[in-house]
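Written below as structure tokens is the structure these notes are about.
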Amino acid sequence: MAVTSDRKNNRKKAITKFNDLDFVPTISDSEEDVPDLDDSDDELLTSENKSVKTPAKSKKGKKNDPVKINGNGDEVAEDLNPDFRFNIDGGELSTNFQGWDFVGDQKENDDDMKKDVDLDGIIRRKGGLLNMAHIEVAEEEEEEEEEEEEEEEEEEEELAMDGFGMGATKKNEQEEAGDEDDDDNEEEEEEEVDDDKEDDDEEREEDTAEEMASFYAPESESSEATSTVHSTFNSLTLSRPVLKGLSDLGYTKPSPIQSATIPIGLSGKDIIAGAVTGSGKTAAFMIPIIERLLYKPAKVASTRVIVLTPTRELAIQIADVGKKIGKYVSGLTFGLAVGGLNLRQQEQELKTRPDIVIATPGRFIDHVRNSSSFNVDSVEVLVMDEADRMLEEGFQEELNEILTLLPSKRQTLLFSATMNSRIKSLISLSLRKPVRIMINPPKQAAARLTQEFVRIRKRDHLKPALLFYLIRKLDGTGQKRIVVFVARKEMAHKLRIILGLLGMKVGELHGSLTQEQRLQSVNNFKSLEVPVLICTDLASRGLDIPKIEVVINFDMPKSYEIYLHRVGRTARAGREGRSVTFVGESSQDRSIVRSAIKSVEESSSKNKAVSRNVEWTQIEETNKLVESFGETIDDILVEEKQEKEILRAEMQLRKGENMIKHKKEIQSRPKRTWFQSEAEKKNAKILDTLQKNKKTVNSKKRKRLEALEDNDNSRSYKKTQKDRVVDQERSMKKQKIANGKKSKNKKKFNKR
């Protein structure tokens with residue numbers, strides 16, 4: 001009791017002494033006047049640093065003992081907190097950041113029922129994935145010497161604009177059409193390729209100076225933003241919680257896009273920003289958003305920020321970026337609304353009205369229309385990541401619907417590596433004098449990227465063997481992350497089987513997988529459990545997985561913009577990277593190579609474009625082994641299909657049991673609505689396909705496509721020669737009958 005009364009008296013003296021001051025004093029103002037209030041708190045030490053008692057000392061002596069001994073026998077001063085640890089580098093360099101987390105549903109009751117086919121198990125039963133296929137390869141020392149010689153050759157063989165015969169005139173070659181696949185309007189670039197659109201970008205009309213002056217903010221604002229260089233995040237006047245979150249991520253200096261956009265974002269102005277891949281665009285819009293949310297009303301829960309992305313994986317990644325940056329901001333909440341994940345779980349999350357909602361367009365509209373307690377009336381900021389993709393035809397209808405749902409008075413931020421600045425496509429977004437910030441020249445690859453090209457000529461059948469050869473050459477130990485891009489998901493799946501039979505474990509990522517399988521593939525690749533990931537253009541945008549050393553373009557993309565997004569998965573954030581592209585003889589392939597070489601020649605960065613030489617004799621030997629797997633591959637596909645059918649039947653059985661068990665609850669749920677009818681969705685899909693392929697929309701074509709849709713894409717009946725003969729005979733009979741009637745009528749008329 002005496003101790004507590006002394007402490008109260010000391011506090012009163014300290015308060016009365018500083019009562020007349022106009023400022024709040026700190027300890028450094030007068031260290032002598034700081035009352036000693038913690039004399040009685042010396043016993044509150046942690047369990048790790050318990051004092052070692054000596055038998056000859058009394059309680060009084062123990063209190064006055066200035067030194068204690070911890071469990072390790074080390075002396076510790078009593079006035080120091082034993083749990084305190086000095087952070088020598090201020091958290092700037094000692095980060096253990098290993099990349100963003102890709103976490104889907106947190107399922108509480110996850111039953112043990114098998115949900116996916118074990119493809120690796122099937123391949124293993126057929127003799128694959130055991131030992132790496134051994135094709136006659138030189139010894140390790142000779143390999144290293146060859147690699148060194150090859151690198152020297154590559155440096156000498158830098159491609160010029162006429163490389164690969166780029167100056168030769170060739171007839172346009174038709175590429176095979178890919179199957180249509182509309183999986184939640186995601187980034188599945190599998191439609192028909194048309195070589196005639198290789199010069200589309202050159203033919204596209206450019207905005208006039210008058211149009212740009214009336215639409216954009218004054219050029220002075222943009223130039224001032226890009227010319228102002230911030231050496232640290234402290235100079236951006238950010239709050240301490242945000243700075244602490246950035247420090248934990250290892251962010252020490254803002255990138256050019258962050259330095260330019262953060263001050264404008266904090267001021268509430270609209271932004272249209274573009275920068276090369278891996279330059280930190282996600283943090284560039286997330287930092288000012290979180291900083292502004294520090295000043296939100298504490299007691300009113302409402303959704304204030306919407307972030308739209310074209311793919312589910314990108315949305316999950318952005319949510320993790322935001323959570324890590326806002327880790328120390330109290331009361332900041334995030335919500336996720338993406339397709340493929342648990343709908344009810346997302347509804348419960350959105351009922352709490354999180355501050356920031358990251359979503360894909362389709363699922364966002366679904367929740368706004370059908371989820372109770374979730375509304376967007378208080379939205380203040382709309383962000384569109386990969387905005388050029390979001391403005392394309394595939395998302396147009398949904399984007400227009402979203403813009404009608406959101407308040408017109410809002411801040412809009414558009415970000416992309418290949419930002420389309422056409423004013424015509426931006427008018428629908430209701431932007432208010434947006435500030436246009438383009439850090440790098442448009443359509444430029446990241447710095448420190450080495451772009452290699454392998455000329456295939458007429459050896460398309462050797463591409464799987466070439467892929468195996470390159471992966472072994474670039475990473476024989478399986479310690480590098482390699483991404484392989486293909487045009488079609490069927491090819492991605494087939495390559496996984498082929499490489500598995502050759503003893504190489506790889507993953508796949510495309511729209512035919514469930515969302516759980518997709519996230520599992522990304523996480524396995526991130527943890528190097530699977531060092532090679534074969535994917536479609538679903539993964540070409542936004543995904544930031546650390547230390548991807550190599551990108552291989554197994555199939556050439558259909559445009560240079562998609563090529564930039566693909567190779568942008570490596571050489572991120574100032575790191576070195578390498579891309580290897582298989583180049584065919586089509587004019588489209590040549591056009592993309594020309595654009596890449598031109599970009600390298602015009603840039604002042606350290607990237608380069610070279611021709612890669614390969615051992616075709618060794619690749620042909622590997623191809624013989626691949627061709628011998630023909631029947632085995634078919635057997636694996638058949639067995640996989642059978643297992644899928646069994647799993648599907650089990651799922652339907654379980655679904656039926658649940659419908660019987662929870663019949664009343666299911667029937668009591670209101671029917672979910674959509675802003676388009678089935679007929680409208682079908683017409684929009686057809687028009688979208690026709691416009692993408694640059695074909696005229698006429699009624700005959702539309703009716704044929706609608707008939708195909710109604711018949712589940714089954715082929716319409718085509719007349720045979722026999723049918724034509726029958727039709728001709730029938731028409732001739734009708735003509736004879738008609739002529740006979742005419743002659744009879746004529747005779748009757750003459751008699752009269």
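A Cβ is built for glycine as well, from the same backbone N, Cα and C atoms used for every other residue.
The average pLDDT for the coiled coil (631-698) in the predicted structure is 84. The coiled coil feature in Swiss-Prot is assigned to 631-698.
The feature compositional bias 'Acidic residues' is assigned by Swiss-Prot to 29-45 (among others).
Residues annotated as compositional bias 'Acidic residues' in Swiss-Prot: 138-160 (among others).
The compositional bias 'Acidic residues' annotation in Swiss-Prot covers 175-210 (among others).
For the compositional bias 'Low complexity' (219-228), residue counts in helix, strand and coil come to 9 helix, 0 strand, 1 coil, using DSSP. Positions annotated as compositional bias 'Low complexity' by Swiss-Prot: 219-228.
Under the heading compositional bias 'Basic residues', Swiss-Prot lists 695-704 (among others).
Residues or ranges marked as compositional bias 'Basic and acidic residues' by Swiss-Prot: 712-732.
Taken from Swiss-Prot, the feature compositional bias 'Basic residues' applies to 733-752 (among others).
Here Swiss-Prot flags 262-437 as domain 'Helicase ATP-binding', drawing on sequence analysis.
Residues or ranges marked as domain 'Helicase C-terminal' in Swiss-Prot (evidence: sequence analysis): 448-611.
What Swiss-Prot records for 24-82 (among others) is region 'Disordered'.
Under the heading region 'Disordered', Swiss-Prot lists 130-228 (among others).
If you look up Swiss-Prot, you'll see 695-752 (among others) marked as region 'Disordered'.
Residues or ranges marked as motif 'DEAD box' in Swiss-Prot: 385-388. Secondary structure counts, DSSP: the motif 'DEAD box' (385-388) has 2 helix, 1 strand, 1 coil.
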